[in-house]
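S.K.: Before anything else, here's the structure in question.
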Amino acid sequence: MEKTFLMVKPDGVQRGLIGEIVKRFEQKGFQLVGSKLMVITREQAEYHYEEHKGKGFYEELVSFITSGPVFGMVWEGDQVITLSRTMMGKTNTLDALPGTIRGDFAVHTGLNIIHGSDSPESAEREINNFFKPEEIVSYSKDVNKWV
Ligand code: DAT
Ligand code: MG
């Protein structure tokens, strides 16, 4: 079973979208196995966005993601990494289709509401950056056989 790291960014928290976003992933059939409201440190943010270091938007990105509380989550399910990226919508908000989270709620690429891991490697790296092992809960739900 795959796990991914999803995060409601500071703009999503400020706009009251935590519940809406959790609802979408629950309704899809994924299982929440960890979550936390937190203000992330500069070190965590730099590690998280290491691949973007040196790009024009990097400084703005790090200061944005550390500017207020975020809601970090670990979700579990078959193909959850790829399927949650589809549910999020494209990075560039001009390409984010209606029906996706970014398509429905975001206007600007820099204020795009949600982060999601893009590969199994980044999921593991990102989960470890924000969660201790004991903060991830393992449990089963009978309904999963219908999902
Ligand atoms: P994603 O968040 O879809 O994985 P990414 O990893 O390429 O996208 O970029 C990380 C974040 O950086 C993205 O959510 C918003 C911001 N960003 C990316 N490209 C940008 C750009 N051209 N201008 C401004 N912000 C950008
Ligand atoms: Mg990314």
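Yeah, the Cβs are placed from backbone N, Cα and C, and that goes for glycine too.
Note that the structure is predicted; figures quoted are calculated from it, not measured.
Below are the features listed in TrEMBL for this protein:
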type	residues	note
DOMAIN	1-138	domain 'Nucleoside diphosphate kinase-like'
BINDING	K9, F57, R85, T91, R102, N112	ATP binding site
ACT_SITE	H115	active site, pros-phosphohistidine intermediate
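Tell me about the surroundings of these features in the structure.
M.R.: Each residue in the domain 'Nucleoside diphosphate kinase-like' (1-138) has a pLDDT score, and their mean in this model is 98.
Under the DSSP three-state reduction, N112 (ATP binding site) is assigned to coil, being neither helix nor strand. Around the Cβ of N112 (ATP binding site), 22 further Cβ atoms fall within 10 Å across all displayed protein chains.
Taking all protein chains in view, 19 other C-beta atoms sit within 10 angstroms of the C-beta of H115 (active site, pros-phosphohistidine intermediate).
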S.K.: Can you tell me how far the Cα of T91 (ATP binding site) sits from the Cα of H115 (active site, pros-phosphohistidine intermediate), in Å?
M.R.: 9
S.K.: Under a three-state reduction of DSSP output, how is R102 (ATP binding site) classified: helix, strand, or coil?
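M.R.: For R102 (ATP binding site) - judged by DSSP and reduced to three states - the answer is helix.
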S.K.: State the three-class DSSP label for F57 (ATP binding site), counting H, G and I as helix, E and B as strand, and everything else as coil.
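M.R.: In the DSSP reduction, F57 (ATP binding site) maps to coil.
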S.K.: Please spell out the DSSP helix, strand and coil residue counts for the domain 'Nucleoside diphosphate kinase-like' (1-138).
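M.R.: Breakdown, helix to coil: 62 helix, 28 strand, 48 coil.
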S.K.: Taking 10 A as the limit, how many CB atoms besides its own sit near the CB of F57 (ATP binding site)?
M.R.: 12
